[in-house]
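J.: The following block contains the structure, expressed as structure tokens.
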Amino acid sequence: MALPNKFLLWFYCFAWLCFPVSLGSQASGGDAQIAASAELESGATPWSLLQPIDERDRAGLLPPLFKVLSVGRGGAPRLQPDSRALHYMKNLYKTYATKEGIPKSNRSHLYNTVRLFTPCTQHKQVPGDQVTGILPSVDLLFNLDRITTVEHLLKSVLLYTINNSVSFSSAVKCVCNLMIKEPKFSSKTLHRALYSFTFNSQFEFGKKHKWIEIDVTSLLQPLVASNKRSIHMSINFTCMKDQLEHPSAQNGLFNMTLLVPPSLILYLNDTSAQAYHRWYSLYYKRRPSQGPDQERSLSAYPVGEDAAEDGRSSHHRHRRGQETVSSELKKPLVPASFNLSEYFKQFLFPQNECELHDFRLSFSQLKWDNWIVAPHRYNPRYCKGDCPRAVGHRYGSPVHTMVQNIIYEKLDSSVPRPSCVPAKYSPLSVLTIEPDGSIAYKEYEDMIATKCTCR
């Protein structure tokens with residue numbers, strides 16, 4: 001027993017001697033940390049604190065609002081898209097979203113994602129015949145690796161851009177022959193078999209048209225649904241001028257140089273939780289809104305016998321009320337020890353009231369302007385301020401908020417008071433350049449705070 005007792009005595013002495021040293025080191029370390037944080041706050045802008053130090057700590061440093069956008073930040077230099085394709089997507093963004101990036105409510109489309117892909121490889125062939133207007137087939141390969149498993153294809157379009165220097169004196173009719181080439185390998189012969197599909201389309205374009213759109217949904221939808229991310233297609237164009245309007249035109253001569261290699265546009269529905277689901281909001285906007293408050297307001301006006309009984313009871317209550325008022329008037333108006341200003345303070349809202357505050361920033365401050373094309377500025381807004389003791393209906397707070405206030409004041413001050421937090425949000429439309437050079441239009445849910453509450 002002597003050996004264990006000596007060991008315990010030695011251990012306690014050692015701990016007693018070391019405790020002040022460790023405490024002092026912790027205190028000095030804490031002072032240094034406070035000084036460093038004060039220096040950081042005084043010399044740095046708020047958004048410099050959002051810059052991740054390490055890629056592993058990015059999700060922990062950035063607030064949830066920017067986690068979605070920070071995924072595309074950094075990494076290898078991005079490929080720059082074609083200027084014509086970028087111009088088309090900018091026009092699409094202006095059609096679907098406001099200047100502040102809020103999706104327009106008058107748009108009833110079901111897709112929340114639009115991706116534009118340019119061909120990664122192209123097999124050039126001999127120029128087209130200027131006399132017959134026939135353009136030889138061109139082989140194109142599109143890489144669709146940016147499509148995620150939660151994105152479902154709704155519509156696909158081939159986009160041809162027209163050279164601005166070309167002017168049309170008459171309408172031009174074109175026929176497009178498209179063939180999808182899908183290589184497959186047999187387990188026995190290991191030879192590649194070529195599966196082809198032919199798609200014909202007739203369309204016209206005139207003086208004001210700068211783009212030609214060809215719907216190829218029926219061909220690409222089964223391929224994209226089967227998670228095929230490499231699309232090899234062969235396209236042939238035959239374009240001729242309208243002979244009825246210009247019979248003197250020699251063999252319908254048409255300048256084929258106005259057609260540049262096409263881009264592929266996919267209209268997708270992102271089913272993830274972070275995406276904005278327009279159909280969901282449209283469904284709830286069209287529903288008849290009659291909540292429990294309306295039901296209570298309807299039942300507050302009795303009819304028939306209930307109304308007569310309520311009238312008699314209100315008459316008795318009125319007489320009792322008069323007696324109460326007369327007795328109250330006989331009392332002194334204000335007691336000697338009563339402070340009128342303190343009495344009215346409980347009915348006033350705090351000066352620093354819970355409300356929305358603006359926080360306007362540009363993506364250039366975050367060094368994200370090299371891949372976020374639109375919007376240029378962003379105002380996420382935030383909620384800040386004190387919650388009143390008696391939370392009114394304008395905050396839309398539940399009864400639990402008032403109960404929590406009572407617990408804090410009367411029972412246990414360790415229970416936190418209700419906090420000022422966002423209650424409603426609006427979505428945000430973002431146009432970005434992907435690492436592979438493709439362009440993506442996406443609508444994100446819950447990106448701009450629009451209402452505050454106390455909870």
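Every residue, even glycine, has its Cβ placed from backbone N, Cα and C.
Pulled these features from Swiss-Prot for this protein:
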- 1-24: signal peptide (SIGNAL)
- ASN106: N-linked glycosylation site (CARBOHYD)
- ASN163: N-linked glycosylation site (CARBOHYD)
- ASN236: N-linked glycosylation site (CARBOHYD)
- ASN255: N-linked glycosylation site (CARBOHYD)
- ASN269: N-linked glycosylation site (CARBOHYD)
- 305-328: region 'Disordered' (REGION)
- ASN339: N-linked glycosylation site (CARBOHYD)
- CYS354-CYS420: disulfide bond (DISULFID)
- CYS383-CYS452: disulfide bond (DISULFID)
- CYS387-CYS454: disulfide bond (DISULFID)
J.: Distance check, please: Cα of CYS420 (disulfide bond) against Cα of ASN106 (N-linked glycosylation site), rounded to an integer number of angstrom.
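T.: Cα of CYS420 (disulfide bond) to Cα of ASN106 (N-linked glycosylation site) measures 32 Å after rounding.
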J.: What subset of the recorded positions ASN106, ASN236, ASN269, CYS354 lies within 10 angstroms of CYS452 (disulfide bond) at the C-alpha level?
T.: CYS354
J.: Which one is it, among the recorded positions ASN106, ASN236, CYS387, CYS454, that lies nearest to ASN269 (N-linked glycosylation site) by Cα separation?
T.: ASN106
J.: Return only the integer: C-alpha distance in Å from ASN236 (N-linked glycosylation site) to CYS387 (disulfide bond).
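T.: Pair distance, Cα basis, whole Å: 67 Å.
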J.: What Cα-Cα separation, expressed in whole Å, is found between CYS383 (disulfide bond) and CYS354 (disulfide bond)?
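T.: Approximately 7 Å lies between the Cα of CYS383 (disulfide bond) and that of CYS354 (disulfide bond).
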J.: In whole Å, how far does the CA atom of CYS454 (disulfide bond) lie from that of ASN106 (N-linked glycosylation site)?
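T.: Rounded to the nearest whole number, the Cα-Cα distance is 32 Å.
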J.: Going by DSSP, is CYS452 (disulfide bond) part of a helix, a strand, or coil?
T.: strand
J.: Could you find out if DSSP has CYS354 (disulfide bond) as helix, strand or coil?
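T.: Looking at the DSSP assignment, CYS354 (disulfide bond) belongs to neither helix nor strand, so coil.
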J.: Could you round the CA separation between CYS387 (disulfide bond) and CYS354 (disulfide bond) to a whole angstrom and send it over?
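T.: Cα-Cα, rounded: 6 Å.
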J.: For a quick check of packing: other C-beta atoms within 10 Å of the C-beta of CYS387 (disulfide bond), how many?
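T.: Looking across every protein chain shown, the total is 24.
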J.: Helix, strand or coil by DSSP: which one applies to ASN106 (N-linked glycosylation site)?
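T.: Coil, per DSSP.
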J.: Measuring Cα to Cα, how many Å separate CYS354 (disulfide bond) from ASN106 (N-linked glycosylation site)?
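T.: Here the two Cα atoms lie 32 Å apart.
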J.: Does DSSP put CYS387 (disulfide bond) in a helix, in a strand, or in coil?
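T.: SS state of CYS387 (disulfide bond) = coil.
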J.: Let me know the DSSP-derived helix, strand or coil state of ASN236 (N-linked glycosylation site), please.
T.: strand
